[in-house]
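> I grabbed these lines from TrEMBL:
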| type | residues | note |
| --- | --- | --- |
| ACT_SITE | LYS79 | active site, for sulfotransferase activity |
| BINDING | LYS79, GLY80, GLY81, THR82, ARG83, ARG160, SER168, LYS285, GLY286, ARG287, THR288, HIS289 | 3'-phosphoadenylyl sulfate binding site |
| DISULFID | CYS268-CYS280 | disulfide bond |
| DOMAIN | 70-305 | domain 'Sulfotransferase' |
| REGION | 1-67 | region 'Disordered' |
Amino acid sequence: ASNGSGEGTAGAWPRSPLAPGEVITAQSGAFERDPQESSTTDEELSRAGSPGSRGGGGSTTPDYGEKRLPQALIIGVKKGGTRALLEAIRAHPDVRAVGTEPHFFDRNYEKGLEWYRNVMPKTLEGQITMEKTPSYFVTNEAPKRIHSMAKDTKLIVVVRNPVTRAISDYTQTLSKKPEIPTFEVLAFKNRTLGLIDASWSAIRIGIYALHLENWLQYFPLSQILFVSGERLITDPAGEMAKVQDFLGLKRIVTEKHFYFNKTKGFPCLKKPEDSSAPRCLGKSKGRTHPKIDPDVIHRLRKFYKPFNVMFYQMTGQDFQWEQEESDK
């Protein structure tokens, strides 16, 4: 499906060719990672960073205070639930977050910290400035760059079952490029032998343990919070309690802020104090996944299992993705 250069029909995802004979195992070191696609355009960023911009907390953001570099970042992962988390934490009065993805530490680093600061919303003393760019987690240079900005930056990673995350990633690209090959074709180097193509970014992003290795060279585990993308749907208030505790915030975003939308299949945000309609994520969220061959799903589960186990050991958290599979 790809010649390794990222061109041709599989060009929707850059691939990182492995060296001849290189095999990815749970013990192997980190390998090339690619920036993920994003919906943010340069035009949106320049608007967010323009004087008088209210990019941070919606129309209620006061036009005073000062722009500060973020003290907390949502660094990943793509299709894990980062937008849902950002929208929920923005409901907290002590948080101001830019709505667009700045992509500073992967694509715009040469523009400098002043450019980055200018993209941020204005905050008052005691408020936390945040941003989210899910591709940071898989960008080699990001940990070092963030550490050099502020070594005490708090990092949040939303993780999700890597198999469903990969299918969701594919579904998003399929909606924009209907001509791409099937998931089954892209997922394998050799379908007959069952060799998974770990150079395809949709697969590679879900090898969380390898990406985390890179971050732990610069940040202690105590500065990284891992949020379950699954629990963000089934128990949003519970996950948000952990996020607020981690950020040193009073628990203000609670179950009163959430309303479960049966049609969409995930919670929507509402303001507890008024009766206006709950705010749900856009139509690009909760897309119906294409039907994937069960044998492919089975092979992917086997592929991810050792990496998942390694990730549980590294983080001290069991996300129960294997248990979730056996329940189906």
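All positions are counted from 1 along the displayed chain.
From the backbone N, Cα and C atoms, a Cβ is placed for every residue, glycine too.
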> What whole-number Å value do you get for the CA-CA distance of LYS79 (active site, for sulfotransferase activity) and SER168 (3'-phosphoadenylyl sulfate binding site)?
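The separation of the Cα atoms works out to 6 Å.
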> Taking every protein chain shown into account, which of the recorded positions LYS79, ARG83 has the largest tally of Cβ atoms within 10 Å of its Cβ?
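Neighbour-count leader: LYS79.
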> Measuring Cα to Cα, tell me the gap between SER168 (3'-phosphoadenylyl sulfate binding site) and CYS280 (disulfide bond) in whole angstrom.
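Pair distance, Cα basis, whole Å: 18 Å.
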> What Cα-Cα separation, expressed in whole Å, is found between THR288 (3'-phosphoadenylyl sulfate binding site) and CYS280 (disulfide bond)?
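So the Cα of CYS280 (disulfide bond) lies 16 Å away from that of THR288 (3'-phosphoadenylyl sulfate binding site).
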> What is the interatomic distance between the Cα atoms of CYS280 (disulfide bond) and ARG83 (3'-phosphoadenylyl sulfate binding site), given in whole Å?
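For CYS280 (disulfide bond) versus ARG83 (3'-phosphoadenylyl sulfate binding site), the Cα atoms are 11 Å apart.
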> I'd like the Cβ neighbour count for SER168 (3'-phosphoadenylyl sulfate binding site), meaning other Cβ atoms within 10 Å of its Cβ, all protein chains included.
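So the number of other Cβ atoms within 10 Å of SER168 (3'-phosphoadenylyl sulfate binding site) is 21.
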> Give me the CA-CA distance between GLY81 (3'-phosphoadenylyl sulfate binding site) and CYS268 (disulfide bond), in Å, as a whole number.
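Cα of GLY81 (3'-phosphoadenylyl sulfate binding site) to Cα of CYS268 (disulfide bond) measures 13 Å after rounding.
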> Roughly how many Å lie between the Cα atoms of CYS268 (disulfide bond) and ARG83 (3'-phosphoadenylyl sulfate binding site), rounded to a whole value?
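Counting only the Cα atoms, the answer is 12 Å.
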